[in-house]
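As written in TrEMBL, here are the features:
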- 1-113: domain 'Band 3 cytoplasmic' (DOMAIN)
- 167-355: domain 'Bicarbonate transporter-like transmembrane' (DOMAIN)
- 195-218: transmembrane segment (TRANSMEM)
- 238-261: transmembrane segment (TRANSMEM)
- 281-303: transmembrane segment (TRANSMEM)
Amino acid sequence: MKKLPRDAEASNVLVGEVDFLDTPFIAFVRLQQAVMLGALTEVPVPTRFLFILLGPKGKAKSYHEIGRAIATLMSDEVFHDIAYKAKDRHDLIAGIDEFLDEVIVLPPGEWDPAIRIEPPKSLPSSDKRKNMYSGGENVQMNGDTPHDGGHGGGGHGDCEELQRTGRFCGGLIKDIKRKAPFFASDFYDALNIQALSAILFIYLATVTNAITFGGLLGDATDNMQGVLESFLGTAVSGAIFCLFAGQPLTILSSTGPVLVFERLLFNFSKDHSFDYLEFRLWIGLWSAFMCLILVATDASFLVQYFTRFTEEGFSSLISFIFIYDAFKKMIKLADYYPINSDFRVGYNTHFSCACLPPDPVSKRATTRETPPCFLFSTTMLPLTGPTCQRKSV
């Protein structure tokens, strides 16, 4: 499972013979959304494609070989993409023809295992094969499937959750109906010993993140929000979200954008003589009110129009803010610790030494600060950096 990609999907090939059919029945099914089909697949990944072949008895070997051929086709990267984008059987036939043009076939009767077959000098380029089926007016593919992002181009697909109902709280009601059959299992599934590793991982990820960003929030807000407040907020919001949102594996905690927002809000409150905590409370209440309005109006369907560009742009903004803060601190550090280009003694030491006329009794000079400065002559000479040295008593 660790070697499988995060968005892996399965293709199930099912063949068999029955006694109630006179002619073979074949169906190639592409699901609009990948779904889990129980123990049908060897590994627990959602299924996108189904190939079903049923025929009369007596030809089981032929059916098996057809299933092997379909499985080989689905393992090809180019035909895999064609199957995602095909809109009719002609697209699939064109993909099979293209596969046969590039495939190397060895007849079983002519293959000698003792003979080493040299690899071809040039392998067919998969990119070139893909370019043949990308763009152009004669391409028989819709190019607009849930796998490639749906009609919105945002990579979210044409899923049911992002369809606008047009009713008051229609999307919320549909989510509740969809989640109700699995709500109880979210509680008793955690009692399984296999969930222990996930529980420990979420706990450690939440605690370490709360400590890290809690300390940063304390520095940014003069400890008005610190580690304790970060722990409390993460515990309360995380518990409510996991119990009622239907996503118990989602981790809610402070992030970089939250830290930037809190620091800017604290500086704004301080510059305008606002009470930071009171101001922050009202922002939270208004944010909750706006979220309720968005839920009631099914505004979540707009998410399908958010593309990867939106996410990357927001991430770039946060990165630039952190880079700006780093340079700002470096410049401020230069004000406190400037470069000692003209050798000023006060820049090198944490004390200053001012020499006065010597005491005729002890020949010891008095100083403005400790430790005292000893003089070696009664003649007052102008002292410079290299000549005015500190002597220990």
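Along the chain as shown, the residues are counted starting at 1.
The backbone N, Cα and C atoms fix where each Cβ goes, and this holds for glycine too.
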Per-residue pLDDT averaged over the domain 'Band 3 cytoplasmic' (1-113), given as an integer: 85
Secondary structure content of the domain 'Band 3 cytoplasmic' (1-113), with strand meaning DSSP E or B: 39 helix, 31 strand, 43 coil
